[in-house]
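J.: As annotated by TrEMBL, compositional bias 'Basic residues' applies to 1-13. What TrEMBL lists as compositional bias 'Basic and acidic residues' is 50-59, 102-117, 151-168. The compositional bias 'Acidic residues' annotation in TrEMBL covers 60-69. Residues or ranges marked as domain 'Casein kinase substrate phosphoprotein PP28' by TrEMBL: 85-162. Among the features that TrEMBL reports, region 'Disordered' is placed at 1-117, 151-182.
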Amino acid sequence: PRAGRKGGHKGRARQYTSPEEIDAQLQAEKQKAREEEEQGEEGGDGAAGDPKKEKKSLDSDESEEDEDDYQQKRKGVEGLIDIENPNRVAQTTKKVTQLDLDGPKELSRREREEIEKQKAKERYMKMHLAGKTEQAKADLARLAIIRKQREEAARKKEEERKAAKDDATLSGKRMQSLSLNK
């Protein structure tokens, strides 16, 4: 549309008719046809041919509705041409008694991968706790080195304490001997 003009009908809200309204319209049309038929019979021989045609058209409408129920709504050219598409899978409804709940359920790829990941993690943790993985061996070696360092540090402290104690006892004896000499 040109500038300054409103657009066409495309932007308007759509109105849908409910099935009840459609049924009511069909009933009203049938009622009108019956009234015209009755008036046609009373009117004479001039209008006698028309009501029969109307009645046939009403009957054909009903038969079309039956066909629509029988052949689930076909779209486009489907109703005219029978097409066999080997890729098209016809949906079949299963009854509750036919469902196989006890059989093995197939997992999706993601679910399978998730389960495999969990199992691999569990296997690794078992191996790690047993000390069979490279990381576990490295950890154990590191711990052994740390233990040795701590033992050596504890030994040195113990030796220093003993040496300090000996020095203290020696210096204490000297002090006593000096004080006695006075």
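A Cβ is built for glycine as well, from the same backbone N, Cα and C atoms used for every other residue.
No curator has checked TrEMBL annotations; they are predicted automatically.
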J.: What is the three-state DSSP composition of the compositional bias 'Basic and acidic residues' (102-117), stated as helix, strand and coil residue counts?
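T.: Helix/strand/coil tally for the compositional bias 'Basic and acidic residues' (102-117): 9 helix, 0 strand, 7 coil.
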J.: Using DSSP, how many residues of the domain 'Casein kinase substrate phosphoprotein PP28' (85-162) fall into helix, strand and coil, respectively?
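T.: Helix/strand/coil tally for the domain 'Casein kinase substrate phosphoprotein PP28' (85-162): 54 helix, 0 strand, 24 coil.
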J.: Quick one: mean pLDDT on the domain 'Casein kinase substrate phosphoprotein PP28' (85-162)?
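T.: Averaged over the domain 'Casein kinase substrate phosphoprotein PP28' (85-162), the predicted model reaches a pLDDT of 87.
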